[in-house]
Amino acid sequence: MNWQAIRAIYVFEMARFFRTLLQSFVSPVISTSLYFVVFGAAIGSRIDQVEGVSYGAFIVPGLIMLSVMTQAISNASFGIYFPKFIGTIYELLSAPINFLEIVMGYVGAAATKALFIGVVILGTSALFVDLTIQNPLAMLAFLVLTCLSFSLFGFIIGIWAGNFEQLQLIPLLVITPLVFLGGSFYSISMLPPVWQTISFFNPVVYLVSGFRWSFFGLADVPIGLSLLAILAFTLLCLGTIWWIFKTGWRIRQ
Amino acid sequence: MAAMVQISDVKKVYGDGFEALKGVSLDIEDGEILALLGPNGAGKTTLISTICGITQQSAGTILVGGHDNVRDYRRARELVGLVPQEINLEPFERVMNTVKFSRGLFGKPRNDAFIEKILRQLSLWDKRDNRIMELSGGMKRRVLIAKALSHEPRVLFLDEPTAGVDVELRRDMWEIVAGLKRDGVTIILTTHYIEEAEAIADRVGVINKGEILLVEAKEDLMTRLGQKELRIELQEPVATLPEVLQDRGLRIDEDGRVLIYTYDTGQDRTGIASLIREVTEAGLVLRDLQTTQNSLEDIFVGLVNNQEDAA
């Protein structure tokens, strides 16, 4: 294992993040505040509690998930796509490292950034609503696993993308709808039966539900299923990355 | 001692069926400067990319310092530094950071003193905190070299280091290369500037259409293939050659004012003495004589043309 190389990639990627720390920090704070103003104060005041939790608090886990997923994907996909785009990838390919080490460096950094943003949003939320976290350990586990798996997914997108449009394509066309329809802002039980059934095909539902369970002890799907879903997604991404590594797909001619 | 880099029968076929390398074999000795000469698309960059691991050979083996570049890629690649042809650098990064990154990537622990030495050597020390985008083109090339040297490689590949670089910077680059050689680094550079190979290389390899046409010590090459031209300027122009001179292979130039005789310096008899005698016997009056040595460029063009004629 070339730990020096993993560290070098990680530090280099994190430096990019810290260079724009103000943006990295301020933008999630502002967008979270906006969500609270719109959903929490304006709309939420007309909604009673959802399953015994105030609407403002109810949306917090979904809000964190929403940002963490999109941030993890965009950080990881950009992190590996940018060297491909400007040509510095030659250095990664000629270095005495294997693909796993490259993945650990880039995905590790992307997941760290996403985790940071998740924590910032959690902190901002606490300013607006009363939050109790029933199961902090499970909360942390879900958060870290989501950061990791979606960073892995973002990494795959970054490898696959041949241009900037493609880089945006999957997050925009697939992830954003899935996340919005994944019960971030509502409980699945509030939907008509048909849509409830359809929702259970949306993998994000399981993640948001599990994450929300760690806060309030209430969930749309059993917690075990949520855990299984996130593990399955992580394994799927790892498998894809292993295949990319084996075949050199889109990386090494 | 075994060669630093041993390339045996390496083939590279790209996905679209294009055969970029057609069985290249080449030994690169420890501490030498080898110039790989070839026209655009000859396979120079493919060869370098294959040795460095950016692409993988379709067949054949490459050993760097005795380590196989596929099976034992970590140890092979540790020994190699690569300066790519394109200026591939992250514009917003600072010089120091990108150089340190390269060192880490090659598994070497942090060594600020060594990085400082390299940056000073390349006159980059004053620019260490500058962003890459603030640097001139020449400085960016130096940054690429600094990155390639940051992990103390024993073999350095320079892919067209002076393409599109002004004359002054080119001389600078040659100085840098000479300095590296003094430090014991083995250097392989590709170029399509013949004068570059002539100026700095110990050996010259010519590659075209994925094949190595020849590899030879520069001096040997120049002498062996070196042809000279004798220009005989005449007092009065001639329309046709006098009969005695018909089978001498002379060329009439400049409206009959000049006769050109090409001969091989490697031969025992150059035939110059008898030629001059015959010219005077034919009644032609000499005005001036001039000889010129063929440059590497002429040799190179000759080789490449021969290959094309044969194909």
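Quick reminder: no glycine exception, Cβ is built from N, Cα and C everywhere.
Feature list (source: TrEMBL):
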type     : residues  : note
DOMAIN   : A:19-248  : domain 'ABC transmembrane type-2'
TRANSMEM : A:21-43   : transmembrane segment
TRANSMEM : A:55-82   : transmembrane segment
TRANSMEM : A:114-133 : transmembrane segment
TRANSMEM : A:140-161 : transmembrane segment
TRANSMEM : A:167-188 : transmembrane segment
TRANSMEM : A:200-219 : transmembrane segment
TRANSMEM : A:225-245 : transmembrane segment
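Ranking A:55-82, A:114-133, A:140-161, A:225-245 by CB pairs under 8 A with the transmembrane segment (A:21-43) puts A:114-133 at the top. Counted over residue pairs separated by six or more positions, the transmembrane segment (A:55-82) shares fewer than 3 Cβ pairs under 8 angstroms with the transmembrane segment (A:225-245), which leaves the two as not touching. Sequence-distant contacts of the transmembrane segment (A:140-161) (same chain, six or more residues past either end, CB-CB distance under 8 Å): 64-65, 68-69, 72-81, 84, 103, 106-107, 110-112, 114-115, 118, 167, 169-171, 207, 210-211, 214, 226, 230-231, 233-234, 237-238, 240-241, 244, 249-251. When Cβ-Cβ distances below 8 Å are used as the criterion, the transmembrane segment (A:225-245) is approached by residues 98-100, 103, 142, 145-146, 148-149, 152-153, 155-156, 159, 203, 206-207, 209-211, 213, 219, 251 of the same chain, each at least six residues removed from its ends.
Counting same-chain residues at least six beyond the ends of the transmembrane segment (A:114-133), those with a Cβ under 8 angstroms from any Cβ of the stretch are 17, 24-25, 28-29, 32-33, 36, 40, 54, 56-57, 60, 63-64, 67-69, 71-72, 75, 139, 143-144, 146-147, 150-151, 214-216.
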